[in-house]
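According to TrEMBL:
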- 39-285: domain 'G-protein coupled receptors family 1 profile' (DOMAIN)
- 24-45: transmembrane segment (TRANSMEM)
- 57-80: transmembrane segment (TRANSMEM)
- 100-118: transmembrane segment (TRANSMEM)
- 138-160: transmembrane segment (TRANSMEM)
- 190-223: transmembrane segment (TRANSMEM)
- 235-256: transmembrane segment (TRANSMEM)
- 268-287: transmembrane segment (TRANSMEM)
Amino acid sequence: MEDRNNVTEFILLGLFNSQEVKEVSLIFFSLCYLVILMGNLFILTTIRFSQLNEQPMYFFLSYLSFMDVCFTSTVAPKLIVDLLAQRSTISYNNCMAQMFYAHFFGAAEIFILVAMAFDRYVAICKPLHYMVIMSRKVCRLIVLASCIGAFLHSIMQVLIAVQLPFCGPNKIDHYFCDVFPLLKLACTDTFSLVIALIGTTGMLSILTFISLLISYIIILTTLRTHSSEGRHKALSTCGSHITVVIMFFVPLIFTYVPTDNSVIEDKVFALFYTIIAPMFNPFIYSLRNTDMKNAMRKVWLQKLVSKGK
């Protein structure tokens with residue numbers, strides 16, 4: 001524990017070394033972050049001021065949009081500011097805090113995606129019991145359970161990190177603090193911790209991803225007995241969910257089930273689930289979802305008409 005005090009801050013090496021690439025990246029990631037904020041605010045406002053707010057699926061979608069904003073905000077602002085700096089540093093305490101919040105909001109997203117899959121399963125496979133099973137009280141309890149599960153997951157990651165002795169070097173070859181880059185800096189044998197993290201976080205991600213895919217296969221199989229109109233409506237919502245699940249989980253799995261020591265690949269995969277996927281989520285849920293498109297027209301046209309008066 002005394003050795004650990006030799007490191008009071010970490011140096012984030014970031015994504016790029018070239019100043020020209022950093023300048024282009026600054027504009028690109030600033031635009032991405034702006035799109036994430038505006039797109040998810042658009043989704044939240046549409047659901048809040050429309051009848052979609054009464055439906056469980058959109059109740060969960062509003063929380064997913066909120067988590068997207070929070071998750072990206074733990075990483076993107078620091079990344080953007082660091083692209084302007086000659087030397088990017090983060091204090092030990094802020095590093096632990098960033099890791100906690102990133103894992104908390106990321107894990108909460110995973111649990112909410114699972115909840116959305118369960119909602120679609122009940123709606124399509126058990127339609128007569130849907131309103132009883134997915135009551136507003138149950139939905140709120142699911143969100144609460146998601147937050148509790150996310151807290152337990154993130155606090156475990158931090159507890160692992162704070163026990164690590166850091167006696168130098170202090171250069172993190174990443175653009176934000178995460179448990180695997182920190183393990184590489186620890187001046188102790190971390191092999192058992194790496195295996196434990198792969199066996200928990202990594203395998204949990206894989207099993208959750210497989211479970212989600214199986215649930216959607218069951219849902220799509222059940223749709224064969226529905227009318228063509230019912231199939232089209234269900235496919236538009238399930239298609240959106242499946243796209244988001246794949247975009248989020250595939251890079252996450254490659255990050256937490258490392259196959260080699262390629263740091264560049266880890267950074268690219270991390271970019272997908274921290275910035276790219278949250279940026280595309282509002283487009284996926286709005287452009288591929290008929291109910292969402294109709295609600296958007298109604299809500300935003302009403303706002304424009306009221307402003308015109």
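Yeah, the Cβs are placed from backbone N, Cα and C, and that goes for glycine too.
Counting C-beta pairs under 8 angstroms (sequence separation of 6 or more), the transmembrane segment (57-80) reaches the transmembrane segment (138-160) with 3 or more such pairs.
The transmembrane segment (138-160) shares the most Cβ pairs under 8 Å with 100-118, out of the stretches 100-118, 190-223, 235-256. Long-range contacts of the transmembrane segment (100-118) within the same chain, counting only residues at least 6 positions beyond its ends with a Cβ under 8 Å from a Cβ of the stretch, are 57, 60-61, 63-64, 67-68, 70-71, 74-75, 139, 142-143, 145-147, 149-151, 153-155, 157-158, 176-178, 205, 208, 211-212, 215-216, 241, 244-245, 248, 252, 273-274.
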